[in-house]
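Here is the structure we will look at.
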Amino acid sequence: MSSEITYNLEQPDKAEAVHVEKGQIMAHGLSAEDAHFLETYPLKKQEKAIRKVDFRLIPMLLFLYLITYLDKTNIGNAKIEGLLTDLHMTGDQYNIALSIFFVPYILAEVPSNMILEKFKRPSMYIGILVLGWGIIMTLTGLVQNFGGLCAVRAFLGLFEAGFFPGAILLVSKWYMPDETQARIALLYSSAASGGAFSGLLAFGISKMNGYAGLAGWRWIFIIEGLLTVVMGVLCFVLLIDTPALSGRWLEPDEIRFLELRQAARQIQTPAVKGKGHFNKDALIAVICDWKMYLLILGSWSNAVPNYAMKFTMPTIVKSMGFTSANAQLLTIPPYACGAISAYVISVLADKCRWRMPFIVGPQVLLVVAFAILFSKAAEIANNIALCYFAVCLACNGMYPIFPGVNAWNIANTAGATKRAISIGYLVCAGNIGGVIGSYIYIESEAPRYPTGYGNSLAFGSAGILAMLVLEFLLWTSNKKNARMSEEAIREQYSAEQLEKMGDRSPLYRYRL
């Protein structure tokens, strides 16, 4: 997954500004010596350093996100193994238990990334989170009623909230913008793989029904929870932190290269200087950034149908006439399709350095899939092949969207603190779609689910429009800024003013 990095550093003798051709982002504070080192560092050594990071960081984050997915969504597998009956719950209560997870999950994401920025070793903070939700997941296997289930789901949301925005932030600290989408896609495709693995794992674990006097669905929570506890402990040992703390496995010149290329892409502003110290100006800048709200709409085109399908896919497949055991197994192919689609499309987006087509294309597949399900689900027993194909197509469309939206955000947000907050804010706001998704499949509407399929179709269509508008506005902004020469801009604004503007500076060029 290595990528050629070409640095064209102008004005290397001037301390106030260094320009990087890749991304056209202005950095602050590179010396002539550092600029020369970055320009002349051999390509083979660049690739070797990046491969080392890939090997150390991505597999660990990938497996952690797989565990996150399993622990968040295994309630859907537990449902068809008798959870509702044993806990004397109704379909509406089940939907409440699903949605209560998102209250702390949404509220804690931005604060969590702010806390993570203060940690010298991110692995310590992430390890605490993983250990915490592993314990909660294990205890879920012991709940006795609806109230107990709601309580553990709320605590699960609290501990899981910080992981994915934290993982994206960690990726952004190690990689350049044109390297991020494929890596984020690998993490997110592990969620699709998790969907496949979840069905297979639940199928096997449910065979323990009656062992030690516990129902099969309880063992799903207990075994997967204990696995998470083990991973939480391993985080403290195996998860890497920053280049500066990686002297055991990186050479000094590799550390310097990785640190300098990050410095070269940054626009340091007064609001974001002083790593680890929160400044409300950075938060306000994110909240007032118009790009965020179009990206959120794009994120919802994934979040609403995706979360809804995560919790309901086993039930949808079962409504086609399959047994519970076969329904668990038949959830595997759709998620496998989603995993492959997310990675392949994201690799193409990174290579082409163009985000919009690789977000809108999958959104179109998503809309087509839910149009089929919406029109044919009333007679699902007579259209099993078509409806099952549509479920697979929906996963092909859903999973590439989220990596693309997040990579687009990272590429167009300047400043380390603003970027950290924007990642949390986008994931946080995007997960509001998860709350919506947890309510749209209404038990009494089975097997047609018009509310579920209809809302998924609508959010997919809105996402297409949002991404097209964002592309047009970014292109228009770049064209407007290009009309002014750099000399004219520097005559009009001081260096301090340009720095404070961040990605609103007329020197800044958005990545399309």
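Each Cβ is built from the backbone N, Cα and C atoms, and glycine gets one as well.
Marked as transmembrane segment by TrEMBL: 53-70, 94-112, 124-146, 152-172, 184-205, 217-240, 282-300, 332-349, 356-374, 380-402, 423-442, 454-475. Here TrEMBL flags 57-481 as domain 'Major facilitator superfamily (MFS) profile'.
Highest Cβ pair count under 8 Å relative to the transmembrane segment (124-146), across stretches 53-70, 184-205, 217-240, 332-349, 454-475: 217-240. Same-chain residues lying 6+ beyond the ends of the transmembrane segment (184-205) with a Cβ under 8 Å from its Cβ atoms: 58, 61-63, 65-70, 73-74, 77-78, 81, 164, 167-168, 171, 216, 219-220, 223-224, 310, 313-314, 325, 328-340, 342-343, 345-347, 395, 399-400, 402-403, 406-407. As a whole-number mean, the pLDDT of the domain 'Major facilitator superfamily (MFS) profile' (57-481) in this prediction is 88. Within the chain carrying the transmembrane segment (356-374), a Cβ under 8 angstroms from the stretch's Cβ atoms is held by residues 298, 301, 305, 341, 345-346, 348-349, 386-387, 389-391, 393-394, 396-401, 404-405, 408, 449-450, 453-454, 456-457, 460-461, 463-464, 467-468, 470-471, 512, all 6 or more beyond its ends.
Tertiary neighbourhood of the transmembrane segment (332-349): same-chain residues 181-182, 184-186, 188-190, 192-197, 199-200, 313, 355, 358, 361-362, 391-400, 403-404, 407, selected by CB-CB distance under 8 Å and a gap of 6+ residues from either end. A Cβ distance under 8 Å defines the sequence-distant neighbours of the transmembrane segment (454-475), meaning residues of its chain 6+ beyond its ends; these are 290-291, 294-295, 297-302, 304-305, 308, 356, 359-360, 363-364, 366-367, 370-371, 374, 394, 397, 401, 408, 412, 433, 436, 440, 510-512.
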